[in-house]
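Trainee: Copying in the features that Swiss-Prot gives for the protein in this structure:
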type	residues	note
DNA_BIND	417-492	DNA-binding region
COMPBIAS	1-11	compositional bias 'Polar residues'
COMPBIAS	161-174	compositional bias 'Polar residues'
CROSSLNK	LYS258	SUMO2 cross-link
CROSSLNK	LYS277	SUMO cross-link
CROSSLNK	LYS277	SUMO2 cross-link
CROSSLNK	LYS293	SUMO cross-link
CROSSLNK	LYS293	SUMO2 cross-link
CROSSLNK	LYS418	ubiquitin cross-link
CROSSLNK	LYS702	SUMO cross-link
MOD_RES	THR8	phosphothreonine
MOD_RES	ARG23	omega-N-methylarginine
MOD_RES	SER45	phosphoserine
MOD_RES	SER203	phosphoserine
MOD_RES	SER211	phosphoserine
MOD_RES	SER226	phosphoserine
MOD_RES	SER267	phosphoserine
MOD_RES	SER307	phosphoserine
MOD_RES	LYS479	N6-acetyllysine
MOD_RES	LYS491	N6-acetyllysine
MOD_RES	LYS493	N6-acetyllysine
MOD_RES	LYS494	N6-acetyllysine
REGION	1-25	region 'Disordered'
REGION	157-178	region 'Disordered'
REGION	531-696	region 'Interaction with CRY1'
ZN_FING	420-440	zinc finger
ZN_FING	456-480	zinc finger
Amino acid sequence: MDSKESLTSPSEEIPSSVHGQERGNVMDFYKTRRGGATVKVFMPSPSLGGSSQSDSKQQRLLVDFPKGSVSNVQQPDLSKAVSLSMGLYMGETETKVMGNDLGFPQQGQITLSSGETNLQLLEESIANLNRSTSVPEHPKISASVAVSAALLKKELPETPSDVSSEQQNLKGQTGTNGGNVKLCTADQSTFDILQDLEFSSASPGRETNESPWRSDLLLDENCLLSPLAVEDDPFLSEGNLKEDCKPLILPDTKPKIKDNGDLILSSPKNVPLPQVKTEKEDFIELCTPGVIKQEKLGPVYCQANFSGANIIGNKMSAISVHGVSTSGGQMYHYDMNTATLSQQQDQKPIFNVIPPIPVSSENWNRCQGSGDENLTSLGTLNFSGRSVFSNGYSSPGMRPDVSSPPSNSLSAVGPPPKFCLVCSDEASGCHYGVLTCGSCKVFFKRAVEGQHNYLCAGRNDCIIDKIRRKNCPACRYRKCLQAGMNLEARKTKKKIKGIQQTTTGISQETPENSANKTIVPATLPQLTPTPVSLLEVIEPEVLYAGYDSSLPDTTWRIMSALNMLGGRQVIAAVKWAKAIPGFRNLHLDDQMTLLQYSWMFLMAFALGWRSYKQASANLLCFAPDLIINEQRMSLPFMYDQCKHMLFVSSELQRLQVSYEEYLCMKTLLLLSSVPKEGLKSQELFDEIRMTYIKELGKAIVKREGNSSQNWQRFYQLTKLLDSMHDVVENLLNYCFQTFLDKTMRIEFPEMLAEIITNQIPKYSSGNIKKLLFHQK
């Protein structure tokens, strides 16, 4: 039996009809106020008047059974017929109770075996129809209702005029419903077809031992079918017979929880109709009326909520899911995440998940409490004797000692391994200021002290790892410098270690001496940093030129690469100058003027230092990936300029300048040129310059230790600072020439071009004052 059936409340006179592609007979069972049953038979009759053809495609025949006319009906057959009509007979696997109107299948064929059983009441009751009404017979009655139509054709006359006159007379009568003909008067008693049905005596809102079918209908009109009564039936909607059941918006059916944990049974007016869907695959079969809903909280819980008498003492009715029958109070919670639903939209869900219904604040505060702590979801609702699992699935059949393993179990592990910053091998310690392995430590020491001239055969981008670290020494050495390896870091470490040992030795004392006297250390370690120590911290790192050594070397390529590298070095020099103690106290215009006058001093002196430390003053190490050797120096316009720059590195090599001396001399070169009219913060400038002159003297004393040679070395170092003016003057002249000569097509970065543009007029006018230590 493939049909769609729905039950309506007695308080509403909404007929169920089938609006499909094919019209057939439709039967509606109305619950009257007298407890009887009313049968409506819809038959197509287009032979009526043309004025009523549009809205009278289906005429309704209202049949009211008197109590005496059906006294000989057998009760067992009546019970079976009613149970079949209600759609709750579970023997038929194809029966569907959906949210659409009540109707028979489109085939509409009622076999003789089932028709005689279901329409046995009609055979005896329709015999009295010829006495009270007359309905025209349509000549083209559908074959889909052959049995029922044949029974009606024997009793109904074929006079269309009688129907028209009867309808006109009944339009103004009070006992009619639209165009329906009411055969029985109001004072006639009707046959109660529900009196012998075995329904549960318990009903929501009533006592347990009182049957709802014996209630006074005049006092409580909704008590007859209270478990199925709703104020607004959402299932009585028009739709095609072939349409699937869509999720419906139902009233809020969330279980109400008392303070003691018991469920509050909902009132009959608030319990919705069941939505039972039995597929061919038998995914789910609900043996008791229930609804499927979605909670308001984050996770979506699908659960069958049972009404009224089905929940007594926390005992749940049985549900069969995938062939697994549950009984004895078992309850299954299906915890589905909303994200999972969105990801699996192409799959057919077992449950029709219904969107959450907004609940008014008054009902929520009255039933659930006023605070967020009273929120209760089905996934966390525990009944006595039930074990709840972490995934929301609860069943008493599982052992209580079974527990899920911890999700994030951290095993006791040691410290993470340390890797070399150069070749990614396992590091053996901190060497030359960088965490490296022993192999890279030895390589860097030999590369610096051996004064090797490494050249990359590729593009200075070779991969340096544990296996290929010996393939390209140039790229390996470049990566060592990039990581920050420095030979001076080893000396600094030894000094710090010596200071710590000295402090520890002074602070140690015997117990007997400590009891008698308090020892004050003779020399305390200096807590405030010195200017030289700050200069070591702010020293800029080595930059790369990005020069492609695989292409042929030309003057244009090398000069353009040097200019691009110089632009980045100027930016680094600006940041370095602002970090010098006292420099930012100068006027902003003075800061800009000093940087514009000294940018070439800073780059040339730093180039000489790198060449002195890495190439023994034989090569010019502009960058780890751009080293000017003798072959590149022989290019046009290159030798004269390289000769001036090699002079600086050779002097540093000859004097064996220390790193602290280099830092002080570099700072003094920043303060070596001023305008002729002076600076706006001239006094502060002189004070800062004198401070670093004294720091240079301290560095000399620290290096020599013998006061007899300190003045001689100070003279040599300051003489080198004076000679830097001649070197920078020659370099600036060539730089200005290449900048102004557009035929050479030498590229200049934007910032460097702006500095040169502002500096050319000042040098041309001679508005520069050189601050020299010695007279020429």
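We count from 1, first residue shown onward.
From the backbone N, Cα and C atoms, a Cβ is placed for every residue, glycine too.
Fair warning: this is a prediction, and the values are worked out from it, not measured in the lab.
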Trainee: Please list, for the DNA-binding region (417-492), how many residues fall into helix, strand and coil according to DSSP.
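Mentor: Tallying H, G and I as helix, E and B as strand, the rest coil: 29 helix, 8 strand, 39 coil.
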Trainee: Of all the recorded positions given, LYS418, LYS479, LYS702, which residue's CB has the most CB neighbours within 10 A?
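Mentor: Buried the deepest by this measure is LYS479.
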Trainee: Summarise the model's confidence over the region 'Interaction with CRY1' (531-696) as a mean pLDDT value.
Mentor: 91
Trainee: Sorry to bug you, but what's the C-alpha spacing from LYS418 (ubiquitin cross-link) to LYS479 (N6-acetyllysine), rounded to the closest Å?
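Mentor: Cα to Cα, LYS479 (N6-acetyllysine) and LYS418 (ubiquitin cross-link) are separated by 18 Å.
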Trainee: May I ask you to report the DSSP-based helix, strand or coil state of LYS702 (SUMO cross-link)?
Mentor: helix
